[in-house]
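Chemist: Pasting the relevant annotations from Swiss-Prot:
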SIGNAL    1-26  signal peptide
REGION    33-60  region 'Disordered'
DISULFID  CYS105-CYS121  disulfide bond
ACT_SITE  HIS120  active site, charge relay system
CARBOHYD  ASN141  N-linked glycosylation site
ACT_SITE  ASP166  active site, charge relay system
CARBOHYD  ASN177  N-linked glycosylation site
DISULFID  CYS200-CYS273  disulfide bond
DISULFID  CYS232-CYS253  disulfide bond
DISULFID  CYS263-CYS291  disulfide bond
ACT_SITE  SER267  active site, charge relay system
CARBOHYD  ASN276  N-linked glycosylation site
Amino acid sequence: MSSGGGSRGLLAWLLLLQPWPGQNWAGMAAPRLPSPLLSEEGGENPEASPAPGPEAGPPLNLFTSFPGDSLLCGRTPLRIVGGVDAEEGRWPWQVSVRTKGRHICGGTLVTATWVLTAGHCISSRFHYSVKMGDRSVYNENTSVVVSVQRAFVHPKFSTVTTIRNDLALLQLQHPVNFTSNIQPICIPQENFQVEGRTRCWVTGWGKTPEREKLASEILQDVDQYIMCYEECNKIIQKALSSTKDVIIKGMVCGYKEQGKDSCQGDSGGRLACEYNDTWVQVGIVSWGIGCGR
């Protein structure tokens, strides 16, 4: 999570407003991208052990739940009042995706046995675990750590021209017990729409200054405003000196004045908006232009 001195921090998100195609999820290993925070040297953790490749698909109804369908999802006892460090229990669905105890990406608990993250965070070469229930990325005394049984990367995940379908689901080895610090977030139905200028929130343990090598120890949060598609595309095109449409259907942009946005290590975390006291995940941290620029 970065707080820079630029006039506007810009981040592209992958929308979760449509169910995944019902097809076989065979052998989908994500290519390496620069966004996840994988080791202190900036590369993947050399100690991570191999993991079996992604397997057949998860239940599609994970993507059709809505706040009204469950009294358990999307509720937190704490109100948002601002700040940098997230208060304990403010984001009970926040997950740290890890290899050998090292944080690489964020994630979100969507049921007792499923975690949602970014596709580019997952490789078939590694075993993963998830840590939840504590705002500290390192302290495991008060948190729950569960091994990942299977990983499913979206079958149409691609980095050609632009990043598409950057989603993955992690099936846990056993269900977690819900507590005040461990709760699932709500996932919107397909026809759900996010309006421009909606104030939403992103959280993560990513780098604070862009050039730092280590993740933030304490979970960070920052509010972001949803940007209209056309405006976002123009800004991205200008930044990349390109005339191509980089922002495509299935993406949404978030921005914050004064250069506050996500950074390496925040990938896979969620963009969540509050509706009628219920938190709904509308996007996943996928990619951006620098950190806090």
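Backbone N, Cα and C atoms are what each Cβ position is placed from, and that goes for glycine too.
Map the listed features onto the structure and describe their local environment.
Modeler: The number of other CB atoms found within 10 A of the CB of CYS105 (disulfide bond), across every protein chain shown, is 32.
With a 10 A radius on its CB, HIS120 (active site, charge relay system) counts 25 other CB atoms from all the protein chains. DSSP classifies HIS120 (active site, charge relay system) as helix under the three-state reduction.
Within the same chain, no residue at least six positions away from ASN141 (N-linked glycosylation site) has a Cβ under 8 Å of its Cβ. Look at ASN141 (N-linked glycosylation site): DSSP puts it in coil.
For ASP166 (active site, charge relay system), the count of additional Cβ atoms within 10 Å of its Cβ stands at 29 [all protein chains shown].
ASN177 (N-linked glycosylation site) falls within neither a helix nor a strand when secondary structure is assigned with DSSP, and so counts as coil.
Cβ neighbour count for CYS273 (disulfide bond) (all protein chains, 10 Å cutoff from its Cβ): 19.
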Chemist: Please classify the secondary structure at ASN276 (N-linked glycosylation site) using three-state DSSP.
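Modeler: It is coil.
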Chemist: Rank aside, I only need the closest one: which of the recorded positions HIS120, CYS232, ASN276 has its C-alpha nearest to that of CYS200 (disulfide bond)?
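Modeler: Comparing Cα positions, the closest of these recorded positions turns out to be ASN276.
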Chemist: Long-range same-chain neighbours of ASN177 (N-linked glycosylation site), Cβ under 8 Å, sequence gap at least 6?
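Modeler: For ASN177 (N-linked glycosylation site), the qualifying residues are ALA112.
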Chemist: Let me know how many other Cβ atoms fall within 10 Å of the Cβ of ASN276 (N-linked glycosylation site).
Modeler: 8
Chemist: Work through the recorded positions one by one (ASP166, CYS253, CYS273, ASN276) and name whichever has its CA nearest to the CA of CYS121 (disulfide bond).
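Modeler: It is ASP166, whose Cα lies nearest.
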Chemist: Give me the Cα-Cα distance between CYS253 (disulfide bond) and CYS273 (disulfide bond), rounded to a whole Å.
Modeler: 13
